[in-house]
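Participant: Can you read through this structure? Questions will come right after.
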C-alpha cells in the first residue's frame, strides 16, 4: 500500500535555532535532527517529506513578501501531498497564519502551523510536543477528508486566522480571541468566515509584487497630534490604531483627529484593534470611539492586530479600495 505523504516545511525560527555564544541564532542543526524527531511521531502508513520552504531565519525579519514566498512554495510542493505541517518562528507566526488563511487553498489538504519556544534538542524544549501535536492533527484531518488551516501549539489546536502570541516564554504561547469553543474543538465563528470568504474571493487579483504600506500605532499616554502628523506624512495605504479597551484613543489634542481625518480623506483605510487580549472593539461605546468613527475609522471586532495587519496587506495588494476595505473589515466582523 502506498503511504500517505506529509510535507513538513521549515522556515527557521526558534524551533531550529542553535546557541551561538550567549544567544540563539538561525540556522541550527539542519534537517537531520528534525527527521529524527519526525521518525518518533510519524504514524504508520505515512511518510514525511522535509523541505526548506524559505531560508532559515529569525521570524522577526518576516515581511508580507515572506507570506507570498511561503504560499507559493507550498503550492508548488503540494502535488502528491496529503497534509502539510509548517514550522515557523513564534514572533510572527500569527501574521503568517492569518495570511495563509487567505492564500492557502481551502479544499483538500490540511495545513497545520507550529513552532516552539525552546529549540529542538535543548533541555525542556517544547519542540517535540508541538511537532507531535501538529503531525497528529494534520494526518488525522487528512484521513477524515478535512482540510483548513490550523495552529497546533502548547497542547491546543486553534483556527489559524485570529491567533495571537500572548506569552514570550510559556509553552502555551498562543490564544485566539475570535475562535469559539465547540465541544472539544475550536471553530471560526460565522462573521469571521464571512470576512475570510470575502478576502479569498479577491485572491485571484492578488499581486504579490505590488506594494502595500500598513502602519500600526498603539495608544499610549503622551501620544499627541504632532507625532501622529509626522507618522502619517508617509501616507500609508492603511493605518491600524491599536486602541485602549473597547476602542478609545488619545484625542484630546485636536491635531490628532484632524490628522486622522486628513489621512482618511487621502485614501488611508483606518482600522481599530484593541490592546487587550480579549473582548472586541465597539467604537460607539465611548465618545473617543465615536469621534474615530466620525472620520471613517472602523472597528475590527475581536480581531487581533496580527490578523488585521495581514488582512489589510492582502486586500491592498488585491486592489481593494479604502472604502471597500472599511466595508469588509468593519461590516463583516460586526465590530460596532
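Any Cβ shown, glycine's included, is placed from N, Cα and C.
TrEMBL lists these features:
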ACT_SITE  14  active site, O-isoaspartyl threonine intermediate
ACT_SITE  90  active site
BINDING   59, 90, 91  substrate binding site
DOMAIN    6-184  domain 'L-asparaginase N-terminal'
DOMAIN    214-328  domain 'Asparaginase/glutaminase C-terminal'
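So that I understand the layout, could you describe where these features sit and how close they are to other parts?
Facilitator: Residue 14 (active site, O-isoaspartyl threonine intermediate): 25 other CB atoms within 10 A of its CB, across all protein chains.
Other C-beta atoms found within 10 angstroms of the C-beta of residue 90 (active site) number 22, with every protein chain shown included.
Per-residue confidence over the domain 'L-asparaginase N-terminal' (6-184) averages 92 (mean pLDDT, predicted model).
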Participant: Could you check what DSSP calls residue 90 (active site) once collapsed to helix, strand or coil?
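Facilitator: Note: residue 90 (active site) is coil by DSSP, not helix or strand.
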Participant: Name them in sequence order: residues not among 59, 90, 91 whose Cβ is within 8 Å of the mean position of the Cβ atoms defining the substrate site.
Facilitator: 13, 14, 58, 60, 62, 88, 89, 92, 93, 115, 165
Participant: Quick one: pull the CA-CA distance for residue 59 (substrate binding site) versus residue 14 (active site, O-isoaspartyl threonine intermediate), whole Å only.
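Facilitator: One finds 8 Å between the Cα atoms of these residues.
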Participant: Excluding near sequence neighbours, so keeping only residues 6 or more apart in the same chain, what lies with its CB under 8 A of residue 91 (substrate binding site)?
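Facilitator: Residues satisfying the criterion: 13, 58, 59, 60, 165.
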Participant: Taking the Cβ of residue 59 (substrate binding site) as the centre, count every other Cβ atom within 10 Å, in any protein chain shown.
Facilitator: 22
Participant: Across the record's substrate-binding residues 59, 90, 91, the largest CA-CA distance in angstrom?
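Facilitator: Maximum Cα-Cα distance: 7 Å.
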